[in-house]
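Asker: Below: one structure in structure tokens.
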Amino acid sequence: MIRCENVTKTYSKQDRPALDSVTLEVAKGEFVFLVGQSGSGKSTFLRLILREEKVTSGRMYVAGKDLSTLSQWKVPEFRRGIGTVFQDYRLLPNKTVSENVAFAMQIVGAAPKEIAREVPEVLELVGLDDYGHRMPAELSGGEQQRVAIARAFINKPQILIADEPTGNLDPTMSVGIMKLLDRINRTGTTVVMATHDDKIVDQMRKRVIELENGLVVRDQVRGIYGYSG
Amino acid sequence: MRAGFVTKEVLNGLRRNITLTIAVVITVAISLSLLGVGLLANSQVRVMKDYWYDKIEVSIFLCGQLSDSPTCSGGPVTAEQRAQIESDLKTLPIVANVYYESQTEAFTRFKERFKGTALVDNVTADQLPESYRVKLKDPKQFAIVQSAFSGRPGIDSVQDQRTILDKFFKLLGVLRDGALAIGLISVLTAALLISNTLRIAAFNRRRETGVMRLVGASNFSIQLPFLLEGLISAIIGWGIATGILSALKSLVDARVAPLLTFTNFFGWADVWNASLLLLLTGLVVSAIASFLTLRKYLKV
């Protein structure tokens, strides 16, 4: 699903590459934790997967596309196959929960009928059946993140990218979010999650890739958080 | 994206930025009105030229008793010369019609013009020159008539009334150019305001556009609502500008035309033509301003 061959990314104003000759592969349906200190290259890696940045050298294949040759105008279509969740939820404050989730479908031109059918379904999946008409500001952080996950998942992406999705949440809420991500992973969606949350990583026992100074220093199949960063 | 969804987003955008929307509408209305006044001034100059050039003529004065130009050294024009001049004039293709003014007629006009002054008593008919009053199909072609007739024996002088009018029209031309320049500058101002407004709108909605990008919206679909907002503001502004120009036309018809009877005024067709041109200007300027701004501030 994701394959990197000697991927190097150097930002124009820096000498040291943010990612240095990284080679790795994530298979379809895998659940991968990306750990490492701030500045280790986690965010750059996620940005490369989303094709928000282009690789400096090496090859990167995501969802069957060679990102180094993917033309700019095909990027939006490519991104429709990837769901994204962020630490700060990124919900639209002036739209209701339902509208926020529906937005992702409206953007890709889905029929109103289809939207009306699928939005309640996915809200039920994330456990917010009765929250459709609420505004994001009325919800707790955990609930807002569920809405964000619903939005990321509604177009049935092959890959779900989560950048510290539990970063702003207390442990109880975090567990709920992880259960949800796990459930989404079980539907066959590949999940890549960058995190600083050692308890979660230790508990889930999934593959762990650790980055340090742009290098992969650890790639463990049923890994633990493993460092005190 | 569906039309219904786009419409809703556009209306939301206009409403959320209501003060800026109003500013854009007013600026567009005023700048297009100014440009429209310039266009109508242009029409007015054209109408006046048509009106006046239609009335002016070239005068060919024939040698009389008192003529002292070298071509008149042979004394007053002979019947033979006069016949030749008349037939030459009538064969010239640029001549629309020729009117012969005899000494008696000239004297009648002279008396009319200087009625009540001592001049009338001291002048007799045979002192005044006879002349041909020539109307040209195109008044600008005076030079052809002049080169063909001035200097010929029996002809005292060839005069073009157009030279007098030209000074007047030069002045009007400057005024018209000034009005057009002011109009164009204010249209430029409107373009800059539209650009600035869209920049603010893009900044205000960076969350939305960020989310749109994340879920894979194309560049076009992210920019479309902004582009449409600019165009709708421009169209509303244009509507107001057309209203202002129509009011101006009515005002001219009702108040100015009865006072100034020496000329015609621009018609409603000129107003509609100007309005059409303003619509095109508004749409093109708004689209270009939006396109350039959005390309810079809404990247994928």
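Cβ coordinates are placed from backbone N, Cα and C, and glycine is handled just like the others.
Copied straight from TrEMBL:
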TRANSMEM  B:20-41  transmembrane segment
DOMAIN    B:56-158  domain 'FtsX extracellular'
TRANSMEM  B:179-203  transmembrane segment
DOMAIN    B:181-296  domain 'ABC3 transporter permease C-terminal'
TRANSMEM  B:224-251  transmembrane segment
TRANSMEM  B:271-294  transmembrane segment
Asker: Where DSSP helix means H, G or I and strand means E or B, what are the helix, strand and coil counts for the domain 'FtsX extracellular' (B:56-158)?
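Answerer: Residue counts for the domain 'FtsX extracellular' (B:56-158) by secondary structure: 46 helix, 22 strand, 35 coil.
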Asker: Who are the chain neighbours of the transmembrane segment (B:179-203) in space, where the CB to CB distance is under 8 Å and they lie at least 6 residues beyond its ends?
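Answerer: Contacts with the transmembrane segment (B:179-203): 13, 17, 20-21, 23-24, 27-28, 30-32, 34-39, 41-42, 209, 226, 229-230, 233-234, 237, 281, 285-286, 288-290, 292-294, 297-298.
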Asker: From the DSSP assignment alone, can you count helix, strand and coil residues within the domain 'ABC3 transporter permease C-terminal' (B:181-296)?
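Answerer: Counting residues per DSSP class in the domain 'ABC3 transporter permease C-terminal' (B:181-296), I get 100 helix, 0 strand, 16 coil.
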